[in-house]
Amino acid sequence: MPPSNPAMVNGLNGSHANGNGNGHNHISDSGSETSGESSNGSGRRRMKLNRKMSSPMAPPFMVSAPGKVIVFGEHSVVHGKAAIAAAISLRSYLHVTTLSKSKRTVSLRFADIGLVHTWNIEDLPWEAFQQPSKKKSYYSLVTELDPDLVAAIQPHIEVVSPNHPEEIRRVHHSSVSAFLYLFLSLGSPSFPPCLYTLRSTIPIGAGLGSSASVSVCLASALLLQLRTLSGPHPDQPADEARLQVERINRWAFVSEMCIHGNPSGVDNTVATQGKAVVFQRTDYSKPPNVRPLWDFPELPLLLVDTRQAKSTAHEVAKVAKLKQTHPKLVNSILDAMDKVTDAASELIEETSFDNGSVEDLSKVGELMTINHGLLVSLGVSHPRLERVRELVDHEGIGWTKLTGAGGGGCSITLLRPDVPAEKLQKLEERLETENYAKFETTLGGDGIGVLWPAVLKNGTEEDEEGGMEIDLEKFLEAEGTEGVEKLVGVHGDTGEREGWKFWRVESQ
């Protein structure tokens with residue numbers, strides 16, 4: 001770790017950069033332009049590296065942040081009730097390479113959405129961001145974007161991906177606006193030239209907090225480079241660890257404002273601290289009340305993507321119309337959902353709760369089943385979601401509910417701890433046959449993680465002396481989400497890996 005100072009992304013999957021001939025879409029880890037990029041079988045471009053030219057001033061490092069799911073209270077939360085959101089073990093990974101001082105460029109590459117661009121550091125609008133009335137400190141609390149600063153970065157956003165279709169350009173510009181606003185707010189004209197490369201295992205546009213995960217990665221990477229974070233280290237007290245993650249969370253929220261305009265702050269909070277939160281918003285002119293569940297246990301989860309397109313706005317409007325037609329009845333349903341959320345948080349926060357106990361997990365699972373039934377009564381399920389429940393119930397594997405807005409999207413299944421592996425495999429094969437995407441994940445895991453330097457020890461013969469260095473070429477060549485997770489994942493194939501470190505926020 002660096003010494004401490006004492007004082008997408010919403011997007012499209014599968015697109016790739018086509019290059020526009022402007023000299024800013026082809027980058028190497030030396031920060032220089034390069035041609036002759038080759039394409040692998042998936043259509044994703046690979047960089048040609050020139051390691052001798054890079055002369056990095058600091059070792060490459062990585063940060064990683066999780067996605068999230070709503071576990072209890074979707075839809076009722078829109079009507080002023082409480083909900084619980086928790087981290088999942090699907091994550092985004094950001095690789096940071098510091099370049100030689102002579103390069104004076106900063107490059108952003110989000111490989112999974114085909115975004116790649118390089119800016120000259122001196123050409124960025126530092127004058128606007130460095131004004132005494134505008135300049136922020138790393139510990140500042142920023143609750144709204146400055147219109148003057150937003151305007152100042154627009155010319156540097158507009159030059160990105162000019163030859164891409166408009167829909168893809170919007171995605172790229174959203175990501176770039178978040179990065180540039182953070183980079184210019186926290187950095188200075190003397191900031192070291194760098195290459196920021198992102199890969200993610202979180203499905204995009206599925207309500208799983210992919211953009212917040214990216215925002216947390218960007219904020220934490222910049223704060224680490226500024227040496228404004230303490231830790232993470234094993235002996236750090238929980239209250240100090242929470243202070244560090246809150247510092248990251250504040251700037252991740254700024255990034256989310258760039259992407260979404262008026263975010264709730266829930267997604268970035270979960271992605272930063274991990275575990276889970278209870279959140280409630282009774283007044284939409286004010287931020288929600290967010291209460292961390294610091295000791296939320298890790299729970300085994302099967303996440304299933306129905307691959308059924310859905311519209312959050314449409315599903316929310318359906319419930320609002322139903323409430324208008326049957327106010328007493330729908331209010332009773334919403335009140336019941338609120339009681340389910342309260343019961344779940346009380347149960348999970350009990351000191352005697354055992355996440356390995358079938359009895360305790362059954363209680364949580366029963367609450368999930370009740371919550372789903374109430375959502376069905378509001379008309380926000382879908383035959384594809386009900387089919388998942390049918391398959392899971394038939395095999396007796398766990399307890400399933402929809403997560404998010406419904407009408408398609410994803411379901412979550414809390415897995416029984418005693419379910420035979422062959423039974424789970426049979427279910428997963430059936431899901432694949434019926435065109436579902438499934439992810440075995442963990443609910444309530446760690447938040448932001450740091451790998452400094454970018455070296456992992458897997459405890460295998462493949463390890464080089466001192467561990468396996470994760471260089472940019474390996475990172476970009478990892479095939480799909482499984483390849484990324486196997487190469488740099490917190491757990492990989494062999495359980496907890498030596499290298500990744502987390503701020504320990506638990507009370508115990």
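Backbone N, Cα and C atoms are what each Cβ position is placed from, and that goes for glycine too.
Per Swiss-Prot, these features apply:
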REGION    1-46  region 'Disordered'
COMPBIAS  10-42  compositional bias 'Low complexity'
BINDING   Lys68, Ser200, Gly205, Ala206, Gly207, Leu208, Gly209, Ser210, Ser211  ATP binding site
BINDING   Ser211, Glu256  Mg(2+) binding site
ACT_SITE  Asp267  active site, proton acceptor
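Shown here: features listed in Swiss-Prot, placed on the structure.
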| residue | record | DSSP (3 states) |
| --- | --- | --- |
| Lys68 | ATP binding site | strand |
| Gly205 | ATP binding site | coil |
| Ser211 | ATP binding site | helix |
| Glu256 | Mg(2+) binding site | helix |
| Asp267 | active site, proton acceptor | helix |
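A 10 Å cutoff on Cβ-Cβ distances gives Lys68 (ATP binding site) a total of 29 other Cβ atoms nearby, all chains included. Remark: Glu256 (Mg(2+) binding site) has Ala178, Ser211, Ala212, Ser215, Pro263, Gly265, Asp267, Asn268 as non-local neighbours, by Cβ distance under 8 Å and separation of at least 6 in sequence. Listed in chain order, the extra residues whose Cβ falls within 8 Å of the Cβ center of the ATP site residues Lys68, Ser200, Gly205, Ala206, Gly207, Leu208, Gly209, Ser210, Ser211 are Gly67, Ile202, Pro203, Ile204, Ala212, Ser213, Asp267. It is Gly209 that, of the binding-site residues Gly207, Gly209, has its Cβ surrounded by the most other Cβ atoms within 10 Å. Within the group of recorded positions (Gly205, Asp267), the Cβ with the highest number of other Cβ atoms inside 10 Å belongs to Asp267. Comment: ATP site residues Lys68, Ser200, Gly205, Ala206, Gly207, Leu208, Gly209, Ser210, Ser211; largest CA to CA distance 15 Å, whole number.
Of all Cβ atoms in the shown protein chains, 30 besides its own fall within 10 Å of the Cβ of Ser211 (ATP binding site).
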